[in-house]
Ligand code: SAH
Ligand code: SF4
Ligand code: F3S
């Protein structure tokens, strides 16, 4: 056997948590002699880190697997694995439907990947979709990649106890679990040593974070204030939050913690109280609007972001109009909207679908309104001075691209190294990004 590193190709779908998990899986397999590559051709192992949130997302997995048939035929030693939320939801069914799959691992058990990989090398199939007592985070190799870009994700909380009637996450990710404060701090310090200047704290309900530290219970605001003390860490963000966990000290942090960026993703899903109730969201439209007033009182220039579902069972035109009214009232800077997709095992999946042509039409109208708001928020940045953290070279020669404090992509003609945090004057607003000039 040669000592050349084996090639690992990981394709990631779904949310940022999967991006974080893919990095951890690559590290876990690094110990088995795998090195990550950018293409499935010639790989020794292909891992799909999957998403189950909507039907389309889940089906993509099978079409992608179909494409690997030729690769598997050419190289019978190629191992194919499915990880993430489809793995959790469908388990062994994946191997039945697609027999060339060698390994299926759920999002809470991927620290066991090394043993699973060894099993596949013996020609066996490996399946693990447990929610083990031990936390995966505590079992992963400590060393992360030596060099990395200026931004990183850091998972601090995982799982969800909210059980919105449409959502698979409580089933695929399990109950809410928070990582202890000291581990989060150690990981953040390690990232900063590797050159990271911006950390986005991740959790399915990140603002429900309750980490333990010396017998005390820390909420997300306290964690953020402590992280802000790390020298060299310039920016902190967090996502995704639930309105009911938006506590006073977290709102206050948006006003007084300079490193906490003025952007907040706070999904509401619908503007109709009747639908919110049927979704089991636990709040009304009015309560959400009041909450946003309080957040804006603390940080007037905060950019609000959200998620909406249209065509939820029983949604009428009147309910939809209430959603449009709420969107008008909030004025989002960024927003995501989806047509309802019935997910097996969730309570709403038992209910009859609304007319699909009506749902498509509502989605179009909502997206048109959200696009207008998004563009207006971007255009309003022209003339302003913003901070930009440069992440990579732009498409034009001599150009760099980075993100503003408000998370807008900004192109600047300049010659600064990746990882530079600079003041920029915004001079133009294009369809998907801003342009500006370097100050100072
Ligand atoms: N944890 C996050 C959401 C995770 S899923 C939160 O609580 O906000 C991301 C988004 O996908 C949700 O906010 C919702 O808008 C959408 N989504 C979830 N389940 C869906 C379904 N069954 N059909 C359509 N959209 C869905
Ligand atoms: Fe899903 Fe609701 Fe939990 Fe978000 S809060 S992950 S939408 S169940
Ligand atoms: Fe998808 Fe799982 Fe994230 S279902 S959105 S990958 S938590």
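Glycine too: its Cβ is placed from the backbone N, Cα and C atoms.
Note that the structure is predicted; figures quoted are calculated from it, not measured.
What TrEMBL says about this protein:
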- 6-122: domain 'MTTase N-terminal' (DOMAIN)
- 15, 51, 85: [4Fe-4S] cluster 1 binding site (BINDING)
- 146-379: domain 'Radical SAM core' (DOMAIN)
- 160, 164, 167: [4Fe-4S] cluster 2 binding site (BINDING)
- 379-440: domain 'TRAM' (DOMAIN)
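With a cut-off of 6 Å between Cβ and the nearest atom of ligand 1, the binding-site residues 51, 85, 164, 167 reduce to 167. Ranked by Cβ neighbours within 10 A across all protein chains shown, the binding-site residues 15, 167 are led by 167. Checking the binding-site residues 85, 160, 164, 167 against ligand 2 with a 6 Å cutoff on the Cβ atom leaves 160, 164, 167, in sequence order.
Rounded to a whole number, the C-alpha distance linking residue 164 ([4Fe-4S] cluster 2 binding site) with residue 85 ([4Fe-4S] cluster 1 binding site) is 17 angstrom. Residue 160 ([4Fe-4S] cluster 2 binding site) has a Cβ environment of 23 other Cβ atoms inside 10 Å.
Taken through DSSP, the domain 'MTTase N-terminal' (6-122) splits into 58 helix, 25 strand, 34 coil. Close contacts with ligand 3, defined as a Cβ under 6 Å from any of its atoms, occur at none of the binding-site residues 160, 164, 167.
Using DSSP to sort the residues of the domain 'TRAM' (379-440) gives these counts of helix, strand and coil: 1 helix, 34 strand, 27 coil. Cα separation, residue 160 ([4Fe-4S] cluster 2 binding site) to residue 51 ([4Fe-4S] cluster 1 binding site), rounded: 16 Å. Counting other Cβ atoms within 10 Å of each Cβ, the binding-site residues 51, 85 show the lowest value at 51. Using the Cβ center of 160, 164, 167 for [4Fe-4S] cluster 2, the list of other same-chain residues with Cβ within 8 Å runs, in sequence order, 162, 163, 166, 168, 169, 170, 204. When other Cβ atoms within 10 Å of the Cβ of residue 164 ([4Fe-4S] cluster 2 binding site) are tallied across all protein chains shown, the result is 21.
A Cα-Cα distance of 14 Å separates residue 15 ([4Fe-4S] cluster 1 binding site) from residue 167 ([4Fe-4S] cluster 2 binding site).
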